[in-house]
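> Here's the feature list from TrEMBL:
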type     : residues : note
DOMAIN   : 127-382  : domain 'AB hydrolase-1'
ACT_SITE : 207      : active site, charge relay system
ACT_SITE : 345      : active site, charge relay system
ACT_SITE : 376      : active site, charge relay system
């Protein structure tokens with residue numbers, strides 16, 4: 001009798017379980033997609049100066065909210081995954097010419113050259129020299145999207161193809177691109193300076209490319225000649241500091257490390273004959289056993305230690321990371337420098353961001369831009385679900401470059417006026 005009386009209450013119990021399950025799922029979704037995170041303008045770190053005040057006035061994106069797609073855009077993981085798998089949405093196909101440069105060690109470096117599609121905002125001849133991320137090249141969708149936008153804003157673009165990254169270009173020496181080698185980028189810049197003696201340069205680096213361009217500029221003062229400014233996006237600044245964080249499971253960095261290491265293994269093994277063949281004159285420290293260690297490597301650090309550092313004769317991984325990181329060169333850069341990172345970048349630990357913050361507090365030429373969202377080279381924009389073809393990052397880099405060009409034009413005009421007044425006196 002009692003059991004019969006209690007039976008009608010069972011559906012209510014089941015409804016309660018269903019509600020709890022739905023609530024749990026919604027909680028996980030809200031947490032994973034970071035839906036409660038606010039949208040806001042990027043955090044800016046800079047010294048108060050005439051240049052910084054001009055940039056704040058001339059670059060609206062520095063002071064406006066960055067609004068990612070509502071449903072998924074506040075997740076750094078999804079932004080990063082979409083960049084990694086998709087690159088960009090409806091990416092254009094800019095037309096360029098591939099150039100080949102023979103390096104002193106016999107390596108064949110390539111870059112793609114794209115001419116401007118419109119007149120520049122100040123009427124000058126300006127070339128963007130661009131260094132892509134790890135194992136990337138001019139055919140990657142995020143590079144194509146950025147180049148097309150820069151061309152339409154009056155910029156000539158030269159895009160380095162990392163040595164060994166293009167699948168249809170064979171290596172001609174037992175060496176491929178490494179974390180901080182600036183040889184190929186420098187050869188491309190020298191070609192542009194020689195071929196277009198009237199041009200001025202805007203230097204742009206994405207991720208690993210950001211490390212290379214900053215290191216290149218800081219290596220010698222001569223490398224900064226004819227350079228208007230430099231922009232680095234989503235780099236980590238110090239491989240030595242980053243290696244420990246890259247082995248942690250926090251923010252799934254260990255998983256990303258494994259995926260990037262797997263991609264690097266495929267690229268290296270696709271060039272095994274050029275790098276490890278019997279006929280090849282390999283670096284003395286590079287042995288056949290390193291190839292077997294490569295097969296079992298599960299992290300970038302293992303690949304760097306067993307193979308990459310040996311291309312340049314470093315005795316240890318520590319020495320390789322110390323010498324090849326741009327951190328020790330940043331203070332030698334005197335041209336305007338904008339460093340951009342996302343606070344939710346799962347690849348760049350927050351401890352690494354103290355490097356650009358500290359630099360911006362000491363140097364008037366440096367501005368550090370830190371939006372809340374964007375992931376690693378994502379920075380997608382959009383209303384609810386579908387992203388727009390052009391990203392916040394693409395627009396910011398061109399907007400900053402335009403502002404610097406205008407700043408230099410204003411300085412030149414002021415200098416000419418002062419000279420005329422002095423002559424009249």
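Every residue, even glycine, has its Cβ placed from backbone N, Cα and C.
Bear in mind that the values here come from a model prediction, so they are computed numbers and not experimental data.
Would you situate these features in the structure and describe their surroundings?
The Cβ of residue 207 (active site, charge relay system) has 132, 133, 134, 233, 234, 235, 376, 377 as same-chain neighbours under 8 Å, each 6 or more residues away in sequence.
Counting every protein chain shown, the Cβ of residue 345 (active site, charge relay system) has 26 other Cβ atoms within 10 Å.
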> What number of additional C-beta atoms lies within 10 angstroms of the C-beta atom of residue 376 (active site, charge relay system)?
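Its Cβ shell of radius 10 Å holds 26 other Cβ atoms.
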